[in-house]
Amino acid sequence: MNRVILKDSKIFLNVLNKPIIKNKNCLSLLNITTSSTTSIIKNQQINQFNKRNFTNTINNNKNENINNKILNIIERSHSCGEITSKDIGKEVIIYGWINSLRNLGDNVFLVIRDGHGKVQCYVDLKQQCILKSSVPNIDINERNSIEENIKLFKLESIVSIKGKVIARPERMVNKNMSTGEIEISVDQLQLLNNCVDLPFTVEHDSTAVSEELRLKYRYVDLRRDKVQSNIRLRSKVAMAARNYLINQQFIEVETPTLFRPTPEGAREYLVPTRHQGQFYSLPQSPQQYKQLLMVGGIDRYFQLARCYRDEDLRSDRQPEFTQIDMELSFVNTQMIYRIIEGLVKTLWKEAGFNIDYEFPFYTYEQVLSTYGIDKPDTRYDMKLVDITDCFNKDETNINLFKNALSQASNNFKESKPVIKCIKLDQVLPTLKSKHLDQITTESNSIITVQIKSNNEWKSLISKSISEQEKTLITERMNLKEGDVLLISVGPRFQVESTLGKTRIYCANLLKELNLLKLDPQQFNFLWVVDFPLFTPSDYMNEQSALLSTHHPFTAPHPEDIDLLLNPLSTPSDYSKIRGQHYDIVINGVELGGGSIRIHNSDVQLRVLEKVLKLEPHMVQRFNHLLTALSMGCPPHGGIALGFDRLCSLLVNSNSIRDVIAFPKTSGGKELMTSSPATVTKSELDELFLIQK
């Protein structure tokens, strides 16, 4: 029974494969029912239905039996992937795509694929098999042989099959298929829809086809086994997250996606309205709404939230993305760590991985000092080591070091001059000079030192460095023949940032050269805590403006609250305040971050006005939040995990585009529908927008 929806009358028509009788310019359809009660439809309504919906199907100049082409979909008995040896002898009905088709003598073999798997079917050319076509322009010629007619069935066409499950001969069992022990002997094969030549084959290796082409025809790319697997795992993980959080007494609440513009950090997408000068913004996160839910007594909230940020894109970013967003009342950091570790372990278990250790903690100072980045990959070594004390600024003959160490610093500890290095252990001679050139090209402030035999140093500084300096560094770094040393000198924030990026670049280079091997199923989780609450816009300028390290709603560390409230505090004092912020990191990827929030309106107002020095009109944008905080707001905190990024880690992909059904390109374009698109002048005028 086919069910067609009339747009105008909103009446469901149940077409029962009964004759359609031409009556002047209208159709008389038999057995017309509504979803509730039987209705009489006027000829005019049916004329409209005929004109709008059957124009491309019915050719009035041809005397054809339309009824033969009307589909009568019978419920399938099995999906393609669920038929097993337990079903041998049963008659089954399946639907799917023709994945492959081979003519082998007296048999034609078809592998049929649906969203649940694949199954092999065969047509015995010596036996009776009914072939049908429901495609208007493709007819089965009864005069032709089955072999001739089956040529009409192209790869990726949609078919239905009715047949009997039989056991494969033992030598023909395919252990690579879940249905490899059986096959279906076809009694009836019906073509439901044909397929034109595709831009690429569904069986292709993704590296053999450009990503641009795959995204343009994403609906074809989605048929690939790998993409199907990714999307289905994403669904399973989402359900596991919901179940876990609901069991932890959370409730799921949807917050608005039309918000008001607020200065939270990243650039927002603005949504014009038909009211002149009035704009919505798409939320960068549900941050303010979820805090307001805590004011409203929701206690524990979560949602799989859609978020939007108009920023430069990379492989792990999209203009619209999803996060597992959470907020809790009457909570401290330890409670959040415990809940999130439990959630992460649950989600990894759903994907087939067992995480059985407690996540270690690092302070922000520790990770920057040791790894040069606040989201370190701890699966490999190459730690930053401070060798500043190996040089005396008054005695060293290395002018670069002498000048750098003589530079004055200010009250920002990040401006202090340092010399740091990382060691590439036993990489020579595989690591060639061209590779070292690549490293220095990537960062021109890096000095390379190759350790040759007899502790000979090959470097730009080898003639200037003293034996004492060389000995101190050799002992500090435990240098051996075949090692490479990468040195950077300058203000601390520059040195650590440079070496942090160089460490990542070197790790990728060493992986390409098979000098570093990482297990794709090794997951090194860690927490980073004690971030600075505020960050100077310029470490070299003591009077530079301060920015929120994360967002302006993060609460200060209890031990540092006096620095925030002291009216005599300076920017350098504010920069020493630690925030109650925490990031969860895995294998060099920030999986999520959160904080305990400011729940007092006076403290929140001081942050906005006195520390961040927002203009009054900017502060006014937060009036709704400030008012709510003054009306009995409980202490609260929360966190958000990047759901797309989480799923990409579970499928061992470097790009979140691989786990999103319809992703944007790195340029923010959606190639399939050519989005974003231009609009007409009249549409712009309606929104009071002027195109320059």
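Glycine residues also receive a Cβ, built from the backbone N, Cα and C atoms like all the rest.
Swiss-Prot has this to say about the protein:
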- E264, R309, R597: L-aspartate binding site (BINDING)
- R309, D310, E311, E590, G642, F643, D644, R645: ATP binding site (BINDING)
- 287-290: region 'Aspartate' (REGION)
- 1-61: transit peptide (TRANSIT)
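F643 (ATP binding site) sits 15 Å from R309 (L-aspartate binding site), taking the C-alpha atoms as the reference points. Around R309 (L-aspartate binding site), taking its Cβ as the centre, 21 other Cβ atoms fall within 10 Å, counting all chains. Cβ environment of G642 (ATP binding site): F321, Q323, E590, L591, G592 lie under 8 Å away, each six or more residues apart in the same chain. If you count neighbouring Cβ atoms within 10 Å for each of the binding-site residues D310, E311, E590, D644, the highest count belongs to D644. If you measure from the Cα atom of D644 (ATP binding site) to that of R309 (L-aspartate binding site), you get 15 Å.
Long-range neighbours of R597 (L-aspartate binding site) (same chain, six or more residues apart, CB within less than 8 Å of its CB): Q291, F553, T554, A555, H636, G637, G638.
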